[in-house]
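First up is the structure itself, then whatever we jot down about it.
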Amino acid sequence: MKILAGVDEVGRGSLIGPVYAAAVILNNSIDKKLLKDSKTLTKDKREELEKYIKKNSIWAIGQASTKEIEKINILHASLLAMKRAILKLKIKPSLVLIDGNKLPDLKNYKLEYVIKGDQKIPSISAASIIAKVSRDKFITKLSKEFNNYGWDTNSGYGTKEHLKAIKQFGITKYHRKTFSPISDLL
């Protein structure tokens, strides 16, 4: 029997925090028509689907920290988060489909990339939902500690509000210091 896993990451363009990736092997009974790219869903719908997916699949989350992003760059950190998610799966898939155009370095796994896979492949869509909800929960927690930056609404992306707060309050330990405009301020 062929076991297919889908993988996607979130948080690459954010100015703060870790990048998250999820790997998902869907149960055959799951309604694949419900699964869409996380970016096209409301927060409430993502959270509802995340519970449904977790209940009806084998899944795992990987992440790469802010320090790892600064050390190895965002592309390699994203691939590292994907690799960690794949390796955490309880079952080894016979094929792993990865959103994008790059593959993590993972021996003894059959990997294929799918450009815009989060819009085409249900297991990748499911991975995008789990990764997004997981990262959003982490960022929401951070926003309570650092409430001047609007992270609860901007997820750490470079919005006007966030950039204004950086100028006013400075950067935090969660800001990615190698990312412009943060690096321009240092």
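Here the Cβ of each residue, glycine as well, is placed from N, Cα and C on the backbone.
Just so it is clear, the model here is predicted, and its values are computed rather than measured.
Annotated in Swiss-Prot:
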type	residues	note
DOMAIN	2-186	domain 'RNase H type-2'
BINDING	Asp8, Glu9, Asp99	divalent metal cation binding site
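Here the features listed in Swiss-Prot are painted onto the structure.
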| residue | record | CB count, 10 Å |
| --- | --- | --- |
| Asp8 | divalent metal cation binding site | 32 |
| Glu9 | divalent metal cation binding site | 29 |
| Asp99 | divalent metal cation binding site | 26 |
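Excluding the listed site residues Asp8, Glu9, Asp99, the same chain places Val7, Val10, Ala21, Ala22, Ser78, Met82, Ile98, Gly100, Gly117, Asp118, Ile124, Ala127, Ser128, Ala131 with Cβ atoms within 8 Å of the centre of the divalent metal cation site Cβ atoms. Confidence across the domain 'RNase H type-2' (2-186), taken as the mean pLDDT and rounded to a whole number, stands at 95.
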